[in-house]
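The annotation domain 'C2' is assigned in TrEMBL to 1-114. Annotation source TrEMBL lists region 'Disordered' at 148-240. Annotated compositional bias 'Basic residues' per TrEMBL: 156-167, 175-186, in sequence order. Residues or ranges marked as compositional bias 'Acidic residues' in TrEMBL: 190-225.
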């Protein structure tokens, strides 16, 4: 598959018949190449002598070679249709012409580039009558396969880099989330350990306090028993 660019230079035109009865025509050109269609700007109020000086490009996606000869009609054609732009009614047909570009493409395939200096082509109006001339230049530039391969490789690398970037971002985001979750779990664990230690200390303090109270109560009971024994001893001595 060969790829290139066909460039059409619309220079100007000299039209014999004006389609507008009042005022001047507003000519524009519709160009077709295969299934591609382009439209020029409108030459506002320029009548029968419009000037465009406009370049219009077409993509040549594949080229089977120049097969046109006395037995085979031209395969690659440009069809130009000149129209008059109307505001309140349907646009008027001015004329049309066909330009064969087989030889131009074939020359460009060999040399990498080919062009045709602006030339006056006859405009065929309604009822196949001549309706002036239009000046058109042509150029074809071949895009080397290597250039397309490099573009495709760059595009693939760019897409691959984009996916890697997205992947790394995802890993970073995922890693950050996991780390934050681990830190959260760790902080929760440390908080639980601190709460357990505090509860243990409180339980230990409570147990020690209870033991001290029991010792004090036991001491008080023993002290009361001693006094009772001393009282009984004194009473017995008094009886004597």
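Easy rule for this one: first residue shown is 1, then count along the chain.
Glycine residues also receive a Cβ, built from the backbone N, Cα and C atoms like all the rest.
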Within the domain 'C2' (1-114) only, compute the mean pLDDT.
-> 90
What are the DSSP helix/strand/coil residue counts across the domain 'C2' (1-114)?
-> 10 helix, 52 strand, 52 coil
